[in-house]
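According to Swiss-Prot, the features are:
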- ASP7, ASP139: Mg(2+) 1 binding site (BINDING)
- ASP7: active site (ACT_SITE)
- GLU66: Mg(2+) 2 binding site (BINDING)
- GLU66: active site (ACT_SITE)
- ASP139: active site (ACT_SITE)
Amino acid sequence: MKIIGIDPGTAIVGVGVLEKKNGKLIVKNFQAITTPPIAKEKRLKIIFQKLNEILIQEKPEIVVVEELFFSKNVKTAISVGEARGVVLLASALNDIPVLELKPVEVKTIVTGYGHAPKSQVEYMIAKLLGLKTPPKPDDVADALAIAYAGFLKMGGLL
């Protein structure tokens, strides 16, 4: 089973690909989709095109993305929501189901504490996946954490 975790944003989208083979969880790929500081609709187009390429290449059984966390910064929440829409559209156009997880669920699964700081999530995901150091930027570590949490949520590692 192959799963892609996505941490959406308009400047950086973290992508993490995990695959279960012979009872082992393997990190297949991780990367950041970055966009230059241009008009938002052009950024979203770049995100869509690059994500669509990744979905076609990797052929995951499922995409996992965090539900929108509404913070005090409404502008940021709206931008993340727009990027999430691109993720959902790319997944739908490729007939890939989407699992949405709450940020607190991801943190609880990865660290054991739903309000863990970002640094703890990065540290734990590196340890859990056998990486020497946490992937950078942190959006990529978050994407791997989202994919890992998706596996556990679906019973993929049991």
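Note that Cβ sites are derived from N, Cα and C of the backbone, with glycine treated the same way.
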Cβ neighbour count within 10 Å of GLU66 (Mg(2+) 2 binding site)
23
Per DSSP, three-state class assigned to the residue listed as 'Mg(2+) 2 binding site':
strand
Tell me the Cβ neighbour count for ASP139 (Mg(2+) 1 binding site), meaning other Cβ atoms within 10 Å of its Cβ, over all protein chains shown.
23
Sorted by position, what residues of the same chain at least six away from ASP7 (Mg(2+) 1 binding site) have a C-beta under 8 A from it?
VAL13, GLY14, VAL15, VAL65, GLU66, ASP139, VAL140, ASP142, ALA143, ILE146
Can you tell me the three-state DSSP label for ASP139 (Mg(2+) 1 binding site)?
helix
